[in-house]
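Undergrad: Here's a structure for you.
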């Protein structure tokens, strides 16, 4: 089909002229322009360079001479533009070795440029001062590098927005009974249970009912990979920026255990002591943006996960309860999901179950 395979195109539908035999161009010869002639006396290096230039002209103007999806994947992972690669295979076919050489060449140029950086530092400083003077004349501009945690978050969110076709649904829920249930939990001896941990336990129960949402999409294999274990991430704001620590094996933990692990991870995050293992491997994320005093949001999914539940602030609002207008504690829940893994019915069922557990915590007992 069009758009698949190596990119070769079959051109047909005859003309009014009589059919004529056409000779197939020799391998490596550009169909439009001929490679520049090698000057007399030039060595084999010049001939090789001219031949490579000829190959590059074919690649830049015509379809990519690539058949293997492994070659395309390697090019994506190493950041190599296949249109700049001269193929060494039959008829200019680009091989994995060609891509690997191109990646190494690019890396070598980068290292060389970095080694020359001290020599150009003074020139850049002068240019920066001149730019600063121009900025001051126009009101001032400040550039903040995307580095460290902020840079990593920016890259991950950008990738999520590029690759995941997400959709969001939301619902208001009466959280009055949930708050009462939490007070009852904490009235007994033992560690206190946070409200976020109770919501996390509700999410785990909802994922057991809708396992397709505890998954990710393998784009290379064109498969949805469903996971048995729930590793629950939760957004935590720190002085270093937003991080998402992961509570591992949350499906095997109760609300009290989840609360204790969340407290430990939050303290480590604020102190900058989280290990890479504690920041990766999540399968579902819980985002409590209510701490910022807002009601709703359409969060960006934490790539490569398939869904995220957002929790707004809990505020007193007029609410019809048992047929009577009353002041109740109301929360807005928003659910963002990857539309490739499920339809809106599944996402709506997940969110409705979460809202039911918030409004009537006894519903959760059926799954414990």
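Glycine residues also receive a Cβ, built from the backbone N, Cα and C atoms like all the rest.
Heads up, TrEMBL stuff is auto-annotated, nobody curated it.
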Undergrad: Could you check which of 72-104, 105-137 is flagged in TrEMBL as region 'Disordered'?
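TA: In TrEMBL, residues 105-137 carry the label region 'Disordered'.
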Undergrad: Going by DSSP, how much of the domain 'Peripheral subunit-binding (PSBD)' (66-103) is helix, how much is strand and how much is coil, in residues?
TA: 24 helix, 0 strand, 14 coil
